[in-house]
Amino acid sequence: MPKNSKVTQREQSNDHVTESVADLLAHEEPFDCKNSSLNIGGAPGKKVPQIEVPENDGRPTWNSKLQYILAQVGFSVGLGNVWRFPYLCQKNGGGAYLVPYFILLLIIGIPLFFLELAVGQKIRRGSIGVWNYVCPSLGGIGMSSLMVCGFVGLYYNVIIGWSIFYFFQSFQYPLPWSECPIRRNGSLAIVEPECEKSSATTYFWYRQTLNTTSTIADSGGLNVKMTLSLLVAWIIVCLAVIKGIASSGKVMYFSSLFPYLVLFCFLIRGLMLKGSVDGIAHMFTPKLEKMLEPKVWREAATQVFFALGLGFGGVIAFSSYNKIDNNCHFDAVLVSFINFFTSILATLVVFAVLGFKANIMNEKCIAENTEKILGYLNSSVLSYDLIPPHLNFSQLSTSDYAEVYRVIKTVKEDGFAQLGLDPCLLEDELNKSVQGTGLAFIAFTEAMTHFPWSPFWSVMFFFMLINLGLGSMIGTMTGITTPVLDTYKVNRELFTVCCCVVAFFCGLLFVQRSGNYYVTMFDDYSAGLPLTVVVILENVSVAWIYGTKRFMQDLEDMLGFRPCIIYFYLWKYVSPICLILLISATVIEMAIIPPGYNAWVQELAEERFQSYPPWALTMCFSLIVVAMLPLPIVFIARRFNLMSDGSNKLSVSYGKSMMKDISNLEEQDESRFILGAKPGEAPPTAPAGRPYLTPARNKTLDPNSLSPNICYGTSYQNPAVSPTTPTTPITPATPVSDS
């Protein structure tokens with residue numbers, strides 16, 4: 001070593017070593033702090049450069065804002081918008097139902113949807129990682145969300161399988177459910193009795209599609225046609241999500257937009273049909289007295305809750321792939337209103353078509369009862385003097401038949417019941433409320449048999465249902481895969497394929513001949529109460545544990561503006577109170593209404609309510625318990641330090657695709673050596689009044705905020721030291737050798 005080197009002179013000197021690594025670095029060539037991947041504070045008195053977090057941390061991002069919005073719309077707009085919302089609207093006061101729904105959308109739906117979007121985007125993790133950070137004791141929230149996604153995905157894809165079966169059956173004319181099958185016994189041909197007692201579409205659904213048994217206890221074995229349809233459905237879903245948002249984002253361009261094309265086509269076609277205006281008028285005629293019933297508000301809150309997909313984890317997963325400065329408040333409002341107007345559009349379509357069907361059924365009723373009246377006239381049971389002379393029995397209108405019916409009922413007051421005449425009121429037909437599979441696979445399919453070019457409209461309708469279901473399934477699967485892939489280093493493609501294979505074999509439960517009853521069971525018990533509990537815990541953990549003020553500051557740092565103060569009160573008070581009331585109402589309803597299902601009785605050719613047997617009842621409540629079990633387990637385990645907070649399993653990406661394990665960061669942190677200026681001097685804190693800076697903007701950043709790097713202690717920024725906190729002296733820097 002040269003004798004005149006600085007290190008040799010220092011070794012020969014008796015003076016204390018006062019030169020730190022920072023002094024040595026001062027002799028090096030200057031470098032651009034802002035462009036450096038290791039950007040930290042300098043010596044006292046010098047201007048501290050901005051903290052820059054690499055924009056590309058290795059996490060995939062959406063190709064465009066449109067792709068992301070379509071993904072959120074595809075997830076939130078699902079089958080419930082088509083076959084649940086119109087039923088609730090008709091049942092709960094028509095147009096009057098829209099008032100409580102819209103109010104609850106504003107005070108519950110949008111704020112909670114905004115909350116999920118914000119935490120996912122800020123922390124950039126799936127549901128497990130997000131809630132492990134916000135409140136480790138409530139980390140079971142993410143696991144419960146994952147469990148519910150699993151349960152829902154199992155039976156939801158079965159519905160897609162049913163739609164696939166009907167889709168392929170639609171490529172024939174006439175449609176296979178347009179007429180009852182004929183049974184031949186030698187030279188004698190008779191109509192299938194089960195079909196004759198019900199209807200052609202009902203028979204096709206229960207007998208030729210599901211081939212259902214009369215009780216849930218009789219499994220009846222596998223339905224081969226439904227098993228193959230389920231296999232096709234899982235193959236489609238697997239291909240859509242196997243590459244994450246790289247594949248699902250492209251699928252969403254079609255699966256999210258195509259249903260709107262079909263709905264608008266059906267609306268235009270429906271408005272051209274006779275009776276469509278009657279259906280729409282009946283739909284939106286407000287029954288204002290219904291608004292005073294608590295049940296209407298409870299059902300509106302439940303529909304708002306599930307329409308936006310809150311608690312499933314899909315919303316958080318999708319938003320976690322956003323850029324940190326994305327305006328998620330705008331996204332929350334936009335997607336919520338798109339969802340609402342889609343429900344209105346679907347309601348218009350459904351009741352335009354059902355109004356057309358009601359007119360056909362009413363005309364059929366009038367024709368049948370007119371024949372009865374003619375028979376009574378010919379057999380002298382009724383006198384021709386009762387019939388107004390201007391009426392033509394060959395073409396009785398609705399008003400003409402109503403007049404004849406009224407006259408006969410007045411004259412034959414005592415023996416009128418024995419005549420067996422029906423009033424044939426259009427209002428009665430329109431009041432026959434149907435929902436779910438009854439609407440999609442029975443009522444709507446029956447209406448389409450009367451359409452010109454009925455196979456074309458049937459193909460379009462069921463292809464729309466497939467796409468609506470696929471959009472929701474992509475969100476559900478993302479809610480499962482994203483948190484697992486964030487927490488554990490597993491191969492995405494392999495894990496996705498394994499999930500789909502396991503789900504297919506578990507889904508065989510739903511393609512037995514009794515599988516329809518299990519779909520009803522899972523729909524009633526696996527998601528409702530557990531998801532409501534999950535969402536209220538999400539709300540409480542952010543608003544009361546993490547802190548609403550702190551969260552609002554995080555949002556200001558992230559968005560560049562402070563959200564309206566109303567969100568503070570909605571998150572802190574209004575939403576928790578509404579959710580507690582909703583949970584209470586749900587529990588009371590479950591306690592009052594006996595658990596059961598509507599079974600198809602083949603001999604009677606009609607549905608009959610049956611109570612669940614003890615083993616099925618146990619299964620119902622097991623679904624609730626299993627879905628919520630992670631909540632107390634994780635809470636107790638972390639309360640007694642039996643489980644880590646999960647942060648040591650998370651890894652972060654750095655600028656050059658280098659993965660660095662979080663557990664080693666503290667050991668390898670060299671900033672304390674670089675910042676030391678004198679022996680025994682603690683690293684300088686950030687200058688007073690100079691808070692942390694955000695990566696993309698010159699905004700202040702709370703060191704305890706919901707930053708993805710700060711959350712898990714992964715950023716290379718200078719740790720702030722409180723003035724009141726005692727500091728440990730830094731040991732003098734060791735001599736540097738030439739090697």
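Using the three backbone atoms N, Cα and C, a Cβ is placed for every residue, glycine included.
So that you can see what the record holds, here are the features copied from TrEMBL:
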type	residues	note
TRANSMEM	68-86	transmembrane segment
BINDING	G74, V77, N81, N339, L468, S472	Na(+) binding site
TRANSMEM	98-119	transmembrane segment
TRANSMEM	146-168	transmembrane segment
TRANSMEM	228-246	transmembrane segment
TRANSMEM	253-272	transmembrane segment
TRANSMEM	300-321	transmembrane segment
TRANSMEM	333-354	transmembrane segment
TRANSMEM	456-482	transmembrane segment
TRANSMEM	494-513	transmembrane segment
TRANSMEM	525-546	transmembrane segment
TRANSMEM	567-592	transmembrane segment
TRANSMEM	612-637	transmembrane segment
REGION	678-701	region 'Disordered'
REGION	717-739	region 'Disordered'
COMPBIAS	719-739	compositional bias 'Low complexity'
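On the structure: features taken from TrEMBL.
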| residue | record | Cβ within 10 Å |
| --- | --- | --- |
| G74 | Na(+) binding site | 28 |
| V77 | Na(+) binding site | 26 |
| N81 | Na(+) binding site | 24 |
| N339 | Na(+) binding site | 24 |
| L468 | Na(+) binding site | 29 |
| S472 | Na(+) binding site | 28 |
| said: Taking 8 Å from the centroid of the Cβ atoms of G74, V77, N81, N339, L468, S472 as the cut-off, which other residues in that chain fall inside it around the Na(+) site? | reply: V73, F75, S76, G78, L79, G80, S256, P259, T342, G471
| query | Apart from its near flanks, which chain residues at least 6 from the ends of the transmembrane segment (253-272) lie with a Cβ under 8 angstroms of it? | reply | 67, 70-71, 73-74, 77, 342, 345-346, 348-349, 352-353, 356, 451, 457, 460-461, 463-464, 467-468, 470-471, 474
| note | Residues outside the transmembrane segment (567-592) whose C-beta sits under 8 Å from one of its C-beta atoms, at least 6 past its ends, are 104, 107-108, 111-112, 114-115, 294, 298, 301-302, 305, 528-529, 532-533, 535-536, 539-540, 542-544, 548-549, 551-552
| request: State the non-local partners of the transmembrane segment (525-546) in its own chain: residues 6+ outside its ends, Cβ under 8 Å from one of its Cβ atoms. | output: 112, 115-116, 119, 131, 134-135, 138, 141, 144-145, 147-148, 151-152, 155, 302, 305-306, 310-312, 571-572, 575-576, 579-580, 582-583, 586-587, 590, 620-621, 623-624, 627-628, 631, 706
| field | Which of 98-119, 146-168, 228-246, 456-482, 612-637 contacts the transmembrane segment (300-321) most, counting Cβ pairs under 8 Å | value | 98-119
| request: Using a Cβ distance cut-off of under 8 Å, indicate which of 68-86, 146-168, 333-354, 494-513 has the most pairs with the transmembrane segment (98-119). | output: 333-354
| Quick one: do the transmembrane segment (612-637) and the transmembrane segment (146-168) reach 3+ CB pairs under 8 Å, ignoring pairs fewer than 6 apart in sequence? | yes
| task | Report the listed stretch (146-168, 228-246, 333-354, 456-482) having the maximum count of Cβ pairs within less than 8 Å of the transmembrane segment (494-513). | result | 228-246
| query | At least three Cβ pairs under 8 Å linking the transmembrane segment (333-354) and the transmembrane segment (68-86), pairs spaced 6 or more in sequence? | reply | yes
| request: May I ask for the residues of the chain that lie six or more residues beyond the transmembrane segment (68-86) and have a Cβ under 8 Å from a Cβ within it? | output: 62, 159, 245, 248-249, 252-253, 255-257, 259, 283, 303, 306-309, 314-315, 318-319, 321-322, 326, 331, 334-335, 338-339, 342-343, 346-347, 350-351, 435-437, 439-440, 465, 468-472, 474-476
